[in-house]
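What TrEMBL says about this protein:
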BINDING   A:C173, A:C180, A:C197, A:C236  [4Fe-4S] cluster binding site
Amino acid sequence: MSAKPQLVCPAGSLPALKAAIDHGADTVYLGFKNATNARNFAGLNFGDTQIRDGVAYAHGRGREVLVAINTYAQAGRLAEWHRAIDRAADLGVDAVILADLGLLAYAHRTHPQLRLHLSVQGSATNADAINLAHECFGVRRAVLPRVLTLPQVESVIGKTPVEIEVFGFGSLCVMAEGRCILSSYATGQSPNTHGVCSPAGFVRWEPQGKAMDARLAGILIDRYAEGEPAGYPTLCKGRFDVEGDTYYALEEPTSLNTLAVLPELMRIGVAAIKVEGRQRSPAYVTAVTKTLRAAIDAAGDARYSVKPAWLDALAPLSEGHQQTLGAYNRPWR
Amino acid sequence: MQLTLGPLLYYWPRQTVLDFYAEAAGWPVDTVYLGEVVCARRHELKLADWLALAADLSGAGKAVVLSSQALLESSGDLIGLKKLIESGFAIEANDLGAVKLARDAGRPFVAGPHLNIYNGPTLDWFAEAGASRWLPPLEASRDTVAAIVAEKTAVVETEVFAHGRLPLAFSARCFTARHYDLNKDACEFKCIDHPDGLTMSTREGQDFLCINGIQTMSAACHALWHDLGDLAGIDALRISPQQHHTGEIVAAYAAKLAGRPATADAARWNPEGWVDGYWRGEAGIHPIQEH
């Protein structure tokens, strides 16, 4: 059995950061209030003072803080991204999470002591891609896109000196992260350019009699019948028509939940397990952190089994109240 | 201005592919990109077939580039890629793993549109790694491309995706197999029944996206036909293969770029409609504005 993986939890605010630390996160990740952050949502995220307070809170309790600067620097505006890296380094964070190779080169050159992680947005799905980032920029950890099976994750781990972090719980991208521009096709704004997907400013809810239409930039993403719970119109999770069939053509609204495979993730040597959700509330972070902490602590035991109480805690927090192992076991393979 | 023929994004029967490239040998394109870029399960043409096509097209005076798959997940995918690099032809890298293998082999490569190059220093980094040409991300506008080109210091050619359905997203999951309620590993190669993909419409009948195996494309055709007047800093335009009319489209673009009289038969070439919102800095789905 390998060492226990770190539990890496999201913080969209200082209260969420404290909630994560108080309930067992080893590491918290966060981002600035600007376009350098792939969760650039209104009313969320951190300024310098909050990061300083968050780092003090975490370090005082032996935990770590990572800063995600994980969008792609836009030409003509490089200073915004360079400043974000400089600020993160000055604020004493434990690592920055980057996707843009030019930014990795900048950080490696300018702040040689700063630990670098390759973001999931960097879209490195194989060991060669990760090793390139290691050789060129000294990247120490890579976050894998949610497209690989467990045997594929194991194969990557066997072929790289870089620590591997995987997603353990939260909303699920069905597309390879960093390789999806569906959002900008519909709205003009994507994760790579603006740090957003299906941004709220483009969402319209339109009652149609007793039904409800959910639109993104005017495009009908889903239509909910009376009494049907309506979800957020993330454009890959709507119901569309293909050859006369109306169904979730790309993906159902669902959340990733890896509790069932935690012992396997530990056996293959995953270094860290990440919880998605910097856009979520401190209450969400509390519930997920507590549950994952308990599960990871129990997963080293040969008699490990998923406790019904854990599932009860996570079920109401899941998108569409559904959960899946996603690519890890590929029921659709 | 050079014209290039992008890699085939769809799964066509073997003879259809061979006939297509036999015709393409006579088209006014400078470079032809070959190879399977979407799904390793597609096997109508094997590597040896692609290499034979590469030799034929090379003999016909075309520069040939072998394109890598955009999503490299399995060891098998990477073995295929190593063979591409060892073939002696230039490659188009669409994944950082492909960049590493080309760089290690000391081979120049084309940095494909899925490498996420959004600024000058990042482009310079790829050039130093061996990129002799690059394609901007498909969502980049004319102004963005100009800004990146202005910011770079390396000598590297710029090629822009100019005509075709846009490959917008890649997944581990196969949406064509999902449509048929089949598992990906037993997909019965249904993509072959959809030579231009499967249109995905909204529940009020707006054509929105197009399913092409693990790839999700735009339902509409991205077309820079009306934007050819302002291409400063761009060295090449890419035409993406489609089931019908590709040769006519290439010929029309070549004529227009050469200043000869040229007309587009948009309604016949692309009944799915033309968009160019991305190029104008808007949502990619925004229709063309003739001017």
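The backbone N, Cα and C atoms fix where each Cβ goes, and this holds for glycine too.
Note that this is a predicted model, so its numbers are computed, not measured.
Here the features listed in TrEMBL are painted onto the structure.
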residue	record	CB count, 10 Å
A:C173	[4Fe-4S] cluster binding site	25
A:C180	[4Fe-4S] cluster binding site	26
A:C197	[4Fe-4S] cluster binding site	24
A:C236	[4Fe-4S] cluster binding site	25
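Note: A:C180, taken in sequence order from the binding-site residues A:C173, A:C180, A:C197, have a C-beta within a distance under 8 Å of a chain B C-beta. DSSP assigns A:C173 ([4Fe-4S] cluster binding site) to coil in the three-state reduction, placing it in neither a helix nor a strand. In the three-state DSSP scheme, A:C180 ([4Fe-4S] cluster binding site) is classed as strand.
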